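> OK, TrEMBL features for this one:
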BINDING   D208, E244, E248  Mg(2+) 2 binding site
BINDING   D208, E212  Mg(2+) 1 binding site
BINDING   S270  substrate binding site
DOMAIN    9-199  domain 'KARI N-terminal Rossmann'
DOMAIN    200-347  domain 'KARI C-terminal knotted'
Amino acid sequence: MAKLNFGGVEEEVVTREEFPLEKAREVLKDDVIAVIGYGVQGPGQGLNMKDNGFNVIVGQRKNSKTWDKAVADGWVPGETLFDIEEALEKGTVICYLLSDAAQIALWPTVKKHLTPGKTLYFSHGFGVTYKDQTGIIPPADVDVILVAPKGSGTSLRRLFVEGKGLNSSFAIYQDATGKARERVIAMGIGVGSGYLFQTDFYKEVTSDLTGERGTLMGAIQGIFAAQYEVLRENGHSPSEAFNETVEELTQSLMPLVAENGMDWMYANCSTTAQRGALDWWKPFKEATKPVFEKLYNSVKSGEQAQISITRNSQPDYREKLEVELAELRESEMWKAGATVRSLRPERS
Ligand SMILES: NC(=O)c1ccc[n+]([C@@H]2O[C@H](COP(=O)([O-])OP(=O)(O)OC[C@H]3O[C@@H](n4cnc5c(N)ncnc54)[C@H](O)[C@@H]3O)[C@@H](O)[C@H]2O)c1
Ligand SMILES: CC(C)(O)[C@@H](O)C(=O)O
Ligand SMILES: [Mg+2]
Ligand SMILES: [Mg+2]
């Protein structure tokens with residue numbers, strides 16, 4: 001593993017150079033990798049592994065939209081696409097990529113097919129960390145591993161196709177074969193990770209649940225909405241408010257942050273902007289830190305997991321989510337956003 005200095009802290013990471021794809025293929029050459037579930041991660045990881053030369057099959061409910069999507073993506077019924085039980089039977093590595101809530105309902109079926117020597121693979125520490133709530137307790141004679149791409153399965157696939165890669169964390173919960181380490185790294189390389197950093201199941205789930213509720217998804221929408229509202233309440237037009245809140249960030253400034261860090265983005269703005277940003281980031285930090293602390297505690301206590309399980313286990317959870325997503329989509333801010341996006345020169 002390469003030792004690198006992350007802001008003064010030494011960490012070990014696994015790069016593609018030290019664990020090349022050929023080695024990953026060699027490690028898993030006798031395996032049948034069964035991707036169970038074809039939502040967001042299923043297609044990303046499954047297609048990347050297939051294109052990387054691994055022996056991959058998909059297990060999905062027949063007569064479902066996602067079965068049809070799998071067929072459209074090139075998986076062949078009876079050859080590489082099976083119903084869930086058949087895929088569980090054939091797979092030696094079971095990639096459990098159903099939604100976290102659905103993993104609970106299907107667990108007794110999965111467990112039945114986890115014969116000694118098989119590998120149970122997750123992309124989230126959720127199921128086993130919150131085992132008191134999920135009932136997911138793997139048998140002792142299987143390897144239990146995790147590769148969690150740090151981003152959407154959609155980006156995982158897109159970046160792979162572009163010859164790039166998302167970073168992933170990896171963890172070992174149970175090493176029954178003594179080979180779990182090389183097998184988890186081989187899976188991580190196989191799904192198209194740019195590099196891999198080690199964690200454990202607990203740290204993965206607590207950081208991941210915090211991140212997506214926080215700056216990655218929840219907090220960002222909250223801050224956008226607050227600023228947009230203040231601008232509108234003070235007489236600014238929707239296009240001005242949207243451009244000054246979202247469009248400039250995603251189109252101009254975040255790419256600069258991604259490329260070379262925050263100070264470099266600041267340095268590419270006016271001295272007036274820099275003065276203001278340097279003065280104001282601290283009050284924003286102070287105002288939001290208590291919310292992040294509350295969030296982290298709610299994750300740590302298992303409350304966030306329980307909410308997710310309860311809400312996403314209801315038979316009509318999809319319809320209810322769709323109503324809430326539609327509320328966002330139909331808000332003035334995001335409707336203004338749709339118009340702004342349509343005006344991007346590359347779209348016209
Ligand atoms: N979405 C992401 O990009 C992402 C990123 C990193 C990690 N993860 C993790 O990867 C795993 C899979 O997440 P996802 O977002 O791809 O899942 P998802 O919510 O898209 O659902 C995956 C599949 O579960 C199926 N499903 C739902 N309920 C079912 C049921 N009762 N019986 C059988 N199948 C059912 C759906 O049809 C779908 O094919 C989760 O552990 C998640 O936390 C997801
Ligand atoms: C893509 C995310 C937010 O990183 C993932 O954690 C998820 O749950 O979908
Ligand atoms: Mg997540
Ligand atoms: Mg995540």
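Here the Cβ of each residue, glycine as well, is placed from N, Cα and C on the backbone.
Bear in mind that the values here come from a model prediction, so they are computed numbers and not experimental data.
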> Once the DSSP letters are reduced so that anything not helix or strand counts as coil, what is the residue listed as 'substrate binding site'?
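The residue listed as 'substrate binding site' sits in coil per DSSP, no helix or strand.
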> Return the average pLDDT for the domain 'KARI N-terminal Rossmann' (9-199) as a whole number.
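Computed over the domain 'KARI N-terminal Rossmann' (9-199), the mean pLDDT is 97 on the 0 to 100 scale.
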> Can you tell me the CA-to-CA distance separating the residue listed as 'substrate binding site' and D208 (Mg(2+) 2 binding site), as a whole number of Å?
35
> Rounded to a whole angstrom, what is the C-alpha distance between E212 (Mg(2+) 1 binding site) and E248 (Mg(2+) 2 binding site)?
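Cα to Cα, E212 (Mg(2+) 1 binding site) and E248 (Mg(2+) 2 binding site) are separated by 22 Å.
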> If one looks at the chain holding E248 (Mg(2+) 2 binding site), which residues at least 6 apart in sequence have a CB under 8 angstroms from its CB?
none
> Given the binding-site residues D208, E212, E244, S270, and counting only Cβ atoms in the protein chains shown, which has the most within 10 Å of its Cβ?
D208
> Filter the candidate list E244, E248, S270 of binding-site residues, keeping only entries whose CB is under 6 Å from an atom of ligand 4.
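Qualifying residues: none.
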